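The annotation repeat 'PPR' is assigned in TrEMBL to 193-227, 228-262, 263-297, 298-332, 400-434, 435-469, 470-504, 505-539, 540-574, 575-609.
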Amino acid sequence: MIRRRGLQLRHLLVRSFATSYTARVVRSDKDGRSLAIEVEPPSTLHDTRGYALPRRDLICRVSRILHAHSSTSDPLLELSDYLRTLTLTPTTYEVSEILKSLKTPQKALQFFKFASTSVPGYRHDCFTYNRILTILATFGHCRDLVIQVVDDMELSDVRGNISTINILIGIFGGGQELERCLALARKWNLRFNSYTYKCLLQVYLRSYEVENAFGVYEEIRRRGYKMDIIAYNMLLDALAKNEKVERAYKVFADMKRKHCEPDQYTFTILIRMAGNVGKSEDLLSLYNEMITRGCTPNLIAYNTMIQALGKNQMIDKLISLFSRMVEKNCHPNEFTYSVILHSLATAGQVSKLHEVVEVSKRYVNKSIHAYLVKTLSKLGHASEAHKLFCNMWNTQAEGDHDAYMSMLESLCSAEKTTEAMDLLSKIHEKGLSTDTIMYNTVFTTLGKLRQVSNIRSLYEQMKQAGPMPDIFTYNILISSFGKAGLVDEAFQIFEEMENNYCKPDIITYNSLINCLGKNGDIDEAHMRFMEMRERGLTPDVITYSTLIECFGKSNRVEMACQLFDEMLAEDCYPNIITYNILLNCLEKCGKIDEAFKRYEDMKQQGLTPDSITYAILERLQSGSHRAVKVCKKKPNTGWIVSPIS
């Protein structure tokens, strides 16, 4: 009984909002059991408050017309014909619903303009302007179209509301366009609401206008509006990055007074700020307050705190916090170890890294191990890198190519060639294959140290078990044997290179020419120079400088000068080393006037004399032709060019 009365009551409530319709019978069968009725809708439908209800059939029909794709008819022309059949002009609410149904800003704007110019008796109001602005804002990249709509709004003398201002602030952001928004608000005599201030605050913060943002914040406080945690964190982050420490603490205190509970991001922002400005006491108190308030630190919070402790040289507390982080099962990432490593290196306590690795060994995977080895090597801590590498070797079943490469480079930099060669021979034990870069790294160090026997041994190992030598391998070997005076072995490598279909390049010929010239075979060096040109390789400044020096040492000054002039004719411009070689050659042979002439040419070329140049000039002016040995490293090959000997 109760249920039946409830249904009757609900039926009465529903019926009270119903609309009365007039209908007439247009067709019936003979026995009157089937009827066809035509319903005539009332001229205007209203809701309970008296507002006209939108005509859904009108909205759907107009939307279908505008969405129709036809190459033979114009949708707007068809729409114009349809609207002429209506007895009533579409309302702004109906126009707004039609705009909302359109899928692209172009169609929406097209209909918006059509409604204002082609629908008799229709005029846009603030409601439809807000609708089109919202549509343009949603699709983005429509700033010019928005400006056109706002211009039209002002020309049509339509007064916007605070929603209009809020939409425009969200679209435009800062700059002159924001000033226009504020000017419109003053023109329309609008009062900002809480959302307007929030929009303004975000705009200023995104534009890095911290002073203006703080001014908006103070206005929010004066008016008694509330801010959410996101707005507070955005403001605190901006103040912290600009080191507005006192203001940040003021906002933080106000945040707690307004019963907006700080979260872990709030404390992370303040901890980072305290660490950057060296407020170590505040750093610890903020962290303790975060824990007291029940905020569980995440990885970002831990990393921030570790970084702040490192900046303030609080190494013991840093390691203690890291241990707590691991105990709480917060997985440290590569950034965590990077911060710790650089903090320890700055404090001169790199040895404590092994304690860090031991504490977190269940998290130290192959990638972390490799990163630490590489970074230690780059920072110059070769012995610590080697200890960690040994730890990696003993604990990781598979090796990491980059870590092994870094270890090789570190050993070679420390000239520990025996260890480097040993590592190279054992890499395959960890499932890795050696490559030419690894071998070339070790070959370079062996060549620099002139360890010829080790070069031979490693080269045989490479041919038997390693990768095929490449152009860099051959160039390093030719250069190394040449520096050791082993011309025959350098030639043997050159021939082997050609037999293996590895085409010599300019560096190969430079090394070979240098090898021949420095070992007294000038004519063969010159023949290789000619062969190089026949093969289509263009000699560079190093090629010419090497040959000029060789001819100069053999007292063949005319040939040296001829090569120098040929170099200029080929648009290969000599550098200061080339000029020093030639000047020294001319000075030794007593061609003083020629030497001064070449010196003037050098200055006209814009080259700055160095100490070697001035030493030669001093001897030229004093008439002393005593040879002085000054060594200069060649920039490309690492060979020693002796411009004065």
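First residue shown is number 1, and so on along the chain.
Just so you know, glycine gets a Cβ as well, placed from its N, Cα and C.
As a summary of secondary structure, the repeat 'PPR' (228-262) carries 26 helix, 0 strand, 9 coil according to DSSP.
Here the repeat 'PPR' (263-297) has long-range neighbours at 229, 232-233, 236-237, 239-241, 243, 245, 248-249, 252, 255, 304-305, 307-309, 311-312, 314, 317, 325, 328, 330, meaning same-chain residues at least 6 beyond its ends whose C-beta is under 8 angstroms from one of its own. Proximity of distant same-chain residues to the repeat 'PPR' (193-227), defined by a Cβ-Cβ separation under 8 Å and at least 6 residues beyond the stretch ends, is recorded for 162, 165-166, 169-170, 173-175, 178, 234-235, 238-239, 242, 244, 247, 251, 254-255, 258, 260. Here the repeat 'PPR' (470-504) has long-range neighbours at 436, 439-440, 443-444, 446-447, 450, 452, 455, 459, 462, 511-512, 514-516, 518-519, 521, 535, 537, 637-639, meaning same-chain residues at least 6 beyond its ends whose C-beta is under 8 angstroms from one of its own.
Mapped onto DSSP classes, the repeat 'PPR' (505-539) shows 26 helix, 0 strand, 9 coil. In the repeat 'PPR' (575-609), helix, strand and coil residues by DSSP number 26 helix, 0 strand, 9 coil.
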